[in-house]
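Annotated features, as they stand in TrEMBL:
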type: BINDING; residues: Arg41; note: L-glutamate binding site
type: BINDING; residues: Ala75, Ser76, Trp99, Thr147, Asp166, Gln189, Asn231, Thr232; note: pyridoxal 5'-phosphate binding site
type: DOMAIN; residues: 4-344; note: domain 'Aminotransferase class V'
type: MOD_RES; residues: Lys190; note: N6-(pyridoxal phosphate)lysine
Amino acid sequence: MKKYNFNAGPSILPKQAIDNTAKAVQDFNGIGLSILEISHRSKDFKAVIDEAEALFKELLDIPEGYSVLFLGGGASMQFCMIPYNFLEKKAAYLNTGVWAKKAIKEAKGFGEVVEVASSADANYTFYPKDFTIPSDADYFHFTSNNTIYGTEYRKDFDSPVPMIADMSSDILSRPVDVSKYAVIYGGAQKNIAPAGVTFVIIKNDALGKVSRYIPTMLNYQTHIDGGSMFNTPPVLPIYTAMETMRWVKEQGGVKEMERRAIERADIVYSEIDRNRLFRGTVAEEDRSRMNICFVMKDEYKELEPAFLEFATQHGMVGVKGHRSVGGFRISCYNAQSVEAVKELVKCMQEFEKQH
Ligand SMILES: *Cc1c(COP(=O)(O)O)cnc(C)c1O
């Protein structure tokens, strides 16, 4: 049976990127060796990392004066690298969910943290927008898409201080005004690559403002100076990232990714709102296009396991909601097809008829 992959991360990737990665694992560039067994300093791999960086810059229209890094450690490592490199006295954080909270926890180890707003009391069912960022903060940090709760803020805030965003789960799904940011980072395993590589887009002259010693591997300057090759980078995930970005470019770039994301999200949310059995879990204006969360209405709550079973039998994979929200979560990253979301909607309609 055909499988429809709605996993939240690691998650769906373009078939072309997977196929070409498989080829590179067998015989990379026709050199008679696997990409798994060559030096990261070989000219063949150097061409890969250079192209991945160039594509990132092109696709997001990244201005001069920024570096693109490919690091290990996941987005979670960035939760500590950010304050290590930027927090001298005080930082401002927006609390929009589990990942934001983890970032806040790390920052507290380095200085004062002001939580400018939080939707924790409402189980993160909306995205706070009315708040003031203190002008004496070293930076302002937010999570653009809340992978677990399914809320997303798709505009770029206006911040009086350097702005830093965790865009793990919505990077390359829409245009971003990178010039407004000091850092944009994320784990690549949601929209770009398999697990193992973290992207960091960083404004070079935003660095060098803290007085503490920064351990070499946690210092962004190390990785800028080394061109992400201070130590051995995650070679294979970087290769797939390059392939994914080639695909994004061929499809028409982030504008086209955005158009598709809107199309898919409209299909699923319309059905959630129409269907007698289901309801969405977050404020309508804050609904994520990447992670669509929904539950069964209270009077049908006991049907949730049955729907999960029904959807699974119809080839749907990864539709169970995160344990902190319950219900269902449909992840619709860049490589997700309209066909898949239509199949899901068919399942929802069929299930409604049966109950
Ligand atoms: C998945 C995710 C993370 C964690 O990424 P790791 O690479 O596993 O550390 C952080 N932030 C957001 C928004 C995520 O979706």
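Don't overthink the numbers, they just go from 1 along the chain as shown.
Backbone N, Cα and C atoms are what each Cβ position is placed from, and that goes for glycine too.
Feature annotations (TrEMBL) mapped to structure.
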residue	record	contacts (Cβ under 8 Å, 6+ apart)
Arg41	L-glutamate binding site	Met229
Ala75	pyridoxal 5'-phosphate binding site	Trp99, Asp166, Ser168, Tyr185, Gly186, Gly187, Thr198
Ser76	pyridoxal 5'-phosphate binding site	Lys102, Gly187
Thr147	pyridoxal 5'-phosphate binding site	Ala8, Gly9, Gly97, Trp99, Ser168, Ser169, Lys190, Met290, Asn291, Ser331
Gln189	pyridoxal 5'-phosphate binding site	Gly9, Pro10, Ser11, Ala195, Gly196
Asn231	pyridoxal 5'-phosphate binding site	Met217
Thr232	pyridoxal 5'-phosphate binding site	His40
In whole Å, the longest Cα-Cα distance within the recorded pyridoxal 5'-phosphate binders Ala75, Ser76, Trp99, Thr147, Asp166, Gln189, Asn231, Thr232 is 30
Candidates Arg41, Ala75, Thr147 (binding-site residues) with CB under 6 Å from ligand 1, in sequence order, are Ala75, Thr147
Thr232 (pyridoxal 5'-phosphate binding site) falls, by DSSP collapsed to helix, strand or coil, into coil
According to DSSP, Ala75 (pyridoxal 5'-phosphate binding site) sits in helix
